[in-house]
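Each remark here refers to the structure printed beneath this line.
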Amino acid sequence: MTIFVCTLLWSLSLLLQALHEPKMLRIAHLQRPAFLKPVRWTRFALPVLALMLCFLERASTAVLVWAATFSLAAVLVALGWSALARYREYFSMGARKNL
Amino acid sequence: MQDTLRTRMGWLHAWVGFAAGLVLFCVFATGCLAMFDTELTRWCQPEAPPQTDTFSPRSLDRLLPDVQDLIAQGEKPFITLPSLRDPYLRLQHHDGYEFLTVPYNPQTGERLAARVTVGGTFFYNLHYTMRTGIYGETLIALAGLALLVTIGSGVIIHLKGLVSDLTLLRPFASRLRAWLDVHVVASVPFLPFIVLMAYSGTFIRARTLFPPVSYTASIENVFRTPAPSVPETPEKQPAPPSRPFPPLAPILSEAERTLGTGQVGFILFLSQSILVSRTDASGPLLTREHVDFSPVDGHVLRHVLLPSPITHTQQVLDGLHYARWTGYGMRWLYFLSGVMGAIMFASGSVIFLMKRRRQSGRKIMFRIAEGLAIGSIVGFLMATVAFFWANRLLPIALHDRPFAEGYVFLAVWVLSMVAGLGWSGLHRPFQGWKIQLFCLGTLGFFLTPLDLATRPGASLFHAPTVFAATDLVALLVALVSFQMARRL
């Protein structure tokens with residue numbers, strides 16, 4: 001359960017980080033969303049929350065679980081983002097054809 | 001200055017990475033499989049059903065005649081108690097090459113009629129010795145050092161984009177760009193795991209790099225011819241007939257009083273004592289704490305726990321590397337991290353070849369390098385799947401069956417390596433990659449039907465057991481292989 005929650009928190013944090021990167025936005029043909037400014041510190045708070053959860057479950061292995069879930073979340077976000085970029089590329093090509 | 005440093009690190013990263021990467025790909029892939037060695041042994045013995053009765057300590061005494069037989073042959077047998085990973089009692093011994101294991105009913109102590117197999121421990125041995133003993137261990141330890149160098153240089157090269165490109169993956173971009181992205185996504189997020197594994201693995205095998213005697217003496221010893229007058233001593237001396245062991249149930253109960261209830265992992269039988277050892281699953285420290293009993297009347301001889309700071313450090317690093325304390329969630333995370341490590345080396349090797357193909361593609365060294373890459377990456381995976389095929393298809397009554405499984409693995413690997421070199425030598429490397437990827441995909445795809453056809457009592461909708469997990473992973477490997485063969 002901790003692994004699942006930590007992966008979710010890390011995924012959210014990395015997703016917010018990706019939304020802050022101009023290169024990532026450009027690849028996915030996205031504009032910077034307006035809601036990002038108020039939640040810009042959330043991407044740093046979520047990993048801390050995940051670490052606290054890991055410590056609460058078992059202090060001796062907390063850092064290991066925390067690091068492993070970060071890796072898993074990074075792959076999930078990377079795969080999701082590439083799928084989104086592909087979808088958006090098709091979408092923008094279709095729109096151009098209609099014009 | 002920075003550009004110079006990056007250029008130099010790029011050279012170091014590419015050459016050290018490629019040279020050690022082909023070995024390290026195998027090390028990471030076997031490491032992944034070794035994470036589930038117990039489960040793979042269960043897959044390799046399909047006669048033992050997934051569920052069984054609960055453990056009764058009285059059943060241990062039923063194993064004692066078989067233990068006595070092994071001791072009489074000069075072996076050091078041990079009984080592994082049932083655990084969450086494996087519900088069976090297992091009598092195991094190391095025959096000098098492999099850990100051989102026989103399952104028993106945990107309630108009655110009856111021997112199960114399961115096939116003799118090397119099982120998952122084959123990959124465990126392959127992971128750290130390459131099945132060549134101390135030479136293999138030294139090679140792997142050197143590769144571990146090369147891995148640390150490659151990681152350091154890789155971080156320096158990629159320092160600028162370490163955060164911004166963390167989740168950047170463009171699989172539909174140009175080929176080189178796509179492979180570079182795969183390489184970065186498979187390496188940067190997994191840096192903590194890869195550094196941990198490289199450091200702890202090299203630490204565990206440090207004695208091969210830093211032997212307790214001087215290097216000069218070690219090298220002299222290698223080249224020294226043995227004196228002809230000294231007769232060769234056999235490795236195993238048959239033990240004299242031993243007296244019957246005392247009942248094991250009271251011994252287990254006494255050991256649990258010291259180690260804790262449910263904390264006993266295995267019982268090792270030696271000529272002078274019976275060692276009851278703490279389970280490796282008890283915590284992140286691999287303490288191997290044990291209580292020793294007399295083999296005559298079963299009284300406690302001593303309680304052994306090494307608490308010094310040095311042994312404590314070793315226990316932590318062993319525990320983190322072997323990960324036997326983990327539950328299934330963490331075990332799968334280790335597995336995934338190992339897979340990504342293997343992908344990192346495979347993609348790095350492909351990038352190395354792609355960058356040099358235009359300039360050096362006709363040179364003989366390049367063709368050898370590409371042939372070796374085909375054999376080491378696709379060929380290794382093909383040999384692994386062939387091992388599972390051999391486990392199910394070789395006759396059950398075959399003499400030295402565990403060896404035969406290993407020979408099939410080796411034969412497929414060598415064949416793949418030769419074929420890879422051949423295709424590369426004929427200037428048709430893509431043909432080589434494609435054919436081998438297609439063969440790998442076919443072997444992986446049909447592993448599930450093979451499992452269903454050769455497993456007693458199998459059904460298509462079986463519970464999520466070790467069988468389903470193994471079959472699904474093979475199916476996934478097959479689908480990825482087909483896709484790669486299609487896109488090449």
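Glycine is treated like the rest: Cβ placed from N, Cα and C.
Nobody curates TrEMBL annotations by hand; they come from automatic prediction.
Annotated features, as they stand in TrEMBL:
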TRANSMEM  B:12-36  transmembrane segment
TRANSMEM  B:134-157  transmembrane segment
TRANSMEM  B:178-199  transmembrane segment
TRANSMEM  B:332-354  transmembrane segment
TRANSMEM  B:366-390  transmembrane segment
TRANSMEM  B:402-423  transmembrane segment
TRANSMEM  B:435-454  transmembrane segment
TRANSMEM  B:460-482  transmembrane segment
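For the transmembrane segment (B:402-423), the residues of the chain that approach it from at least six positions outside its boundaries are 97-98, 100, 116-118, 122, 131, 367-368, 370-376, 378-380, 382-384, 386-387, 389-391, 394, 429, 431-432, 435-436, judged by C-beta separation under 8 angstroms.
When each of B:12-36, B:134-157, B:178-199, B:366-390, B:435-454 is checked for Cβ pairs under 8 Å to the transmembrane segment (B:332-354), B:12-36 comes out on top. Sequence-remote contacts of a segment are chain residues at least 6 beyond its ends whose Cβ falls under 8 Å from one of its Cβ atoms, and for the transmembrane segment (B:134-157) they are 5-6, 9-10, 12-13, 16-17, 19-21, 23-24, 27, 127-128, 187, 191, 194-195, 198-199, 201-202, 205-206, 208-209.
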